[in-house]
Amino acid sequence: MTNLTLLTWAGILCCLVWSGSAQQGGSDCIKANAKSCGECIQAGPNCGWCKKTDFLQEGEPTSARCDDLAALKSKGCPEQDIENPRGSKRVLEDREVTNRKIGAAEKLKPEAITQIQPQKLVLQLRVGEPQTFSLKFKRAEDYPIDLYYLMDLSYSMKDDLENVKSLGTALMREMEKITSDFRIGFGSFVEKTVMPYISTTPAKLRNPCTGDQNCTSPFSYKNVLSLTSEGNKFNELVGKQHISGNLDSPEGGFDAIMQVAVCGDQIGWRNVTRLLVFSTDAGFHFAGDGKLGGIVLPNDGKCHLENNMYTMSHYYDYPSIAHLVQKLSENNIQTIFAVTEEFQAVYKELKNLIPKSAVGTLSSNSSNVIQLIIDAYNSLSSEVILENSKLPKGVTISYKSYCKNGVNDTQEDGRKCSNISIGDEVRFEINVTANECPKKGQNETIKIKPLGFTEEVEIGLQFICECMCQSEGEPNSPACHDGNGTFECGACRCNEGRIGRLCECSTDEVNSEDMDAYCRRENSTEICSNNGECICGQCVCKKRENTNEVYSGKYCECDNFNCDRSNGLICGGNGICKCRVCECFPNFTGSACDCSLDTTPCLAANGQICNGRGTCECGTCNCTDPKFQGPTCEMCQTCLGVCAEHKDCVQCRAFDKGEKKETCSQECMHFNMTRVESRDKLPQPGQPDPLSHCKEKDVDDCWFYFTYSVNSNGEANVHVVETPECPSGPDIIPIVAGVVAGIVLIGLALLLIWKLLMIIHDRREFAKFEKEKMNAKWDTGENPIYKSAVTTVVNPKYEGK
């Protein structure tokens with residue numbers, strides 16, 4: 001029974017904690033003020049709609065059907081009546097990535113090679129709920145390559161042209177080490193054919209070069225050779241090319257790049273790796289520079305090749321860098337800038353603006369162009385960068401990369417992996433989230449692809465903006481006041497011009513003064529108790545800022561937050577506030593559920609309630625005897641104590657002596673007495689009755705031992721040791737001997753101390769004497785009494801000769 005009670009309490013507490021946290025999380029659902037199931041599920045991924053017909057309490061608005069899932073369950077909505085559609089993922093095309101080796105007998109068409117997986121899928125998106133899928137990319141070995149060599153043919157590139165004339169066959173030989181399917185093309189550019197870019201005099205138009213140089217007429221862009229697998233043909237056609245000339249240093253290369261990108265049919269691009277090698281020794285013109293020649297129309301980004309010549313250079317301005325980036329990306333073209341050392345800095349800045357591009361240093365005569373192309377290709381192909389098409393409004397996408405050697409990245413770096421070799425496989429985790437529903441709810445399509453590759457993943461987006469139960473709605477339902485609305489998802493959706501929970505009122509016919517009478521309590525002037533609005537003769541209670549606090553009732557007279565509190569908690573945390581009255585949980589009572597009926601806190605160590613000296617009220621002992629206090633009435637500050645109180649009676653009954661010897665039979669018969677042989681035979685702690693062990697002195701200064709206890713029937717029992725412990729008398733002889741010995745020893749000690757002090761004093765005096773003796777000096781020459789017997793006379797005339 002005890003275990004069952006504990007489990008019940010644990011369940012109640014868990015539900016309370018879950019409900020509280022759920023309501024806190026569900027506040028967004030309530031704040032959405034959803035009038036329909038569709039509006040509810042768009043409020044957040046954790047919002048659900050209860051379609052149970054009788055779910056709402058009196059006075060609650062229709063929007064109260066929308067709440068957090070756990071909150072709806074705690075309010076009594078069965079799980080099968082909660083509308084909570086979830087998003088999903090469905091893969092439509094999932095071909096495995098291609099595994100093949102260079103030189104294999106099997107020759108696959110480019111369109112039969114797969115480097116990205118999956119290829120097509122559909123995501124069903126609910127607002128706020130991300131859908132995740134994994135994208136796998138693997139660089140296929142022996143993948144076909146199309147390379148288009150676009151060369152500046154201004155006069156400064158004269159020596160470079162000679163080396164490029166043999167590029168076709170030489171490059172073919174090198175590229176065979178990478179792929180067995182390689183094609184090469186060639187195009188050239190100079191400048192717009194208007195002033196001030198070129199000289200428009202007839203002579204200069206025929207030959208723009210000075211002196212006896214034979215140069216071809218200036219042109220903007222010319223497609224010399226469409227992509228071909230014949231290297232000899234490349235050498236042949238390029239060998240026929242001649243240098244041209246222009247006036248200014250920057251060249252019109254951007255016009256040429258745009259035409260190469262958008263004229264796919266004329267160039268001959270296939271759906272394979274597309275490389276564009278841009279070779280020059282000068283800078284470039286870009287959007288706006290055309291104004292110098294009177295050209296103001298922006299570049300239209302369309303193909304204008306006639307007879308392999310760009311014919312609209314005089315009509316359209318140069319393209320902008322952003323426009324070039326867009327077109328190169330759309331057509332999956334990777335650009336290699338082969339430029340001289342002088343312009344390295346300029347083109348490196350340009351590379352940073354154009355994804356999947358590289359810059360190589362071109363020698364003065366282009367002799368290193370083949371190695372430059374090989375190095376740039378390896379650099380470009382070792383990195384994969386994902387890009388997505390334009391996202392619909394309200395849709396966001398995030399990437400996480402799983403690259404080689406355990407390198408993982410998120411945010412912008414999550415789009416790419418570097419240092420990829422042929423045959424390496426990398427993975428990306430992609431999250432797609434809808435933050436709002438499109439206005440018309442139409443499906444959308446987005447595409448994700450690796451930059452520079454033609455393959456892509458097509459993703460169909462389907463938005464969950466309505467509930468399944470809405471499709472089961474009953475138009476003009478009798479449940480909505482004789483067909484004035486559609487009954488769907490357990491509630492009425494009123495037709496235009498109708499209001500009320502059941503669409504029972506017309507907006508044209510409602511007289512607010514007449515209807516207000518139905519929203520007042522008897523003998524009250526307050527409409528909906530000032531806690532709501534009167535709509536169509538019914539109170540719709542207003543919402544509180546704290547979504548956990550709710551008004552309810554026919555007149556919004558009830559709430560769940562104005563009940564009595566204890567310890568700062570509504571109903572002390574031990575009950576539920578309903579209509580301003582606490583409904584307490586089991587084992588609690590009181591207006592604030594602050595009175596516990598559990599007697600466990602009142603149990604004393606002896607197992608009795610309040611030690612038998614009080615009553616247990618609300619989990620606290622109320623002592624009936626004012627002398628006692630404490631949590632279980634165990635303390636008495638003014639009491640003698642059990643032992644001192646009963647020692648005289650025990651002494652007179654057990655040993656027939658003591659102060660109460662004469663009155664023992666009258667005053668000391670209130671307990672049962674049992675004699676025992678020794679202290680070991682006395683009752684020990686641990687028995688059910690409260691027990692006190694006592695040690696007291698009798699009139700003869702002997703110690704006697706007894707225990708005092710009271711059983712459940714209120715009978716006092718005393719167990720006493722039958723023989724007291726009396727102390728023995730003192731032994732005189734040892735005491736006297738000890739005193740005499742002590743006196744003698746003290747005398748001897750004093751003599752020894754005196755002798756020691758004398759020895760120390762004598763030694764100090766002797767040392768002093770010795771020191772004075774050493775300091776004494778006896779010199780006869782200095783004796784004032786002594787007079788010498790010799791007299792010395794000095795002759796004053798003696799000169800020492």
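Heads up, residue numbers simply count up from 1 along the chain you see.
Cβ atoms are placed via backbone N, Cα and C, with glycine included.
Heads up, TrEMBL stuff is auto-annotated, nobody curated it.
Not measured: the values here are computed from a predicted model.
Look at TrEMBL and you will find 1-22 tagged as signal peptide.
According to TrEMBL, the feature domain 'PSI' maps to 28-78. Restricting the average to the domain 'PSI' (28-78) gives a pLDDT of 86.
What TrEMBL lists as domain 'Integrin beta subunit VWA' is 36-467.
As annotated by TrEMBL, disulfide bond applies to Cys50-Cys66 (among others).
Sequence-distant neighbours of Cys437 (disulfide bond) (same chain, six or more apart, CB under 8 Å from its CB) are Gln42, Val127, Gly394, Phe463, Cys465, listed in sequence order. Per TrEMBL, disulfide bond is recorded for Cys437-Cys694 (among others).
With a 10 A radius on its CB, Cys480 (disulfide bond) counts 25 other CB atoms from all the protein chains. For Cys480-Cys492 (among others), the entry in TrEMBL reads disulfide bond.
In the shown protein chains, 26 other C-beta atoms lie within 10 A of the C-beta of Cys489 (disulfide bond). If you look up TrEMBL, you'll see Cys489-Cys528 (among others) marked as disulfide bond.
Among the features that TrEMBL reports, disulfide bond is placed at Cys505-Cys519 (among others). For Cys519 (disulfide bond), the count of additional Cβ atoms within 10 Å of its Cβ stands at 22 [all protein chains shown].
Per TrEMBL, disulfide bond is recorded for Cys536-Cys571 (among others). Around Cys571 (disulfide bond), the C-beta neighbours below 8 angstroms that are at least 6 residues distant in the chain are Cys563, Asp564, Arg565, Cys577, Cys582, Glu583, Cys584, Ala592, Cys593.
Annotation comment: TrEMBL describes Cys558-Cys563 (among others) as disulfide bond.
Here TrEMBL flags Cys579-Cys610 (among others) as disulfide bond.
Summarising the annotation, TrEMBL assigns disulfide bond to Cys595-Cys602 (among others). Cys602 (disulfide bond) is surrounded by 22 other CB atoms, counting those within 10 A of its CB over all protein chains shown.
Neighbour density for Cys616 (disulfide bond): within 10 A of its CB lie 19 other CB atoms from the protein chains shown. Among the features that TrEMBL reports, disulfide bond is placed at Cys616-Cys621 (among others).
What TrEMBL records for Cys623-Cys633 (among others) is disulfide bond. Long-range neighbours of Cys623 (disulfide bond) (same chain, six or more residues apart, CB within less than 8 Å of its CB): Cys610, Arg613, Gly614, Gln629, Cys633.
TrEMBL lists 643-731 with the feature domain 'Integrin beta subunit tail'.
Counting only same-chain residues at least 6 apart in sequence, those with a Cβ under 8 Å from the Cβ of Cys668 (disulfide bond) are Asp648, Cys649, Val650, Cys652, Arg653, Lys660. As annotated by TrEMBL, disulfide bond applies to Cys668-Cys702 (among others).
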Per-residue Cβ crowding (10 Å cut-off), top of disulfide-bonded residues Cys536, Cys610: Cys610
By Cα-Cα distance, the member of disulfide-bonded residues Cys489, Cys505, Cys536, Cys558 nearest Cys480 (disulfide bond): Cys505
Greatest C-beta neighbour count within 10 angstroms, which of the disulfide-bonded residues Cys492, Cys563, Cys579, Cys694, Cys702: Cys492
Distance from Cys694 (disulfide bond) back to Cys579 (disulfide bond), taken between C-alpha atoms, in Å: 60
Inter-residue Cα distance where the pair is Cys702 (disulfide bond) and Cys694 (disulfide bond), in Å: 14
Neighbour tally for Cys558 (disulfide bond), based on other Cβ positions within 10 Å of its Cβ: 22
Candidates Cys50, Cys489, Cys528, Cys595 (disulfide-bonded residues) with Cα within 10 Å of Cys536 (disulfide bond): none
Per-residue Cβ crowding (10 Å cut-off), top of disulfide-bonded residues Cys505, Cys528: Cys528
Residues satisfying Cβ distance under 8 Å from Cys595 (disulfide bond), sequence separation of at least 6: Phe588, Thr589, Glu617, Cys618, Gly619
Under 8 Å by Cβ from Cys66 (disulfide bond), same chain, sequence gap 6 or more: Cys29, Ile30, Ala32, Ala34, Cys37, Glu39, Cys40, Ala43, Cys47, Gly48, Trp49
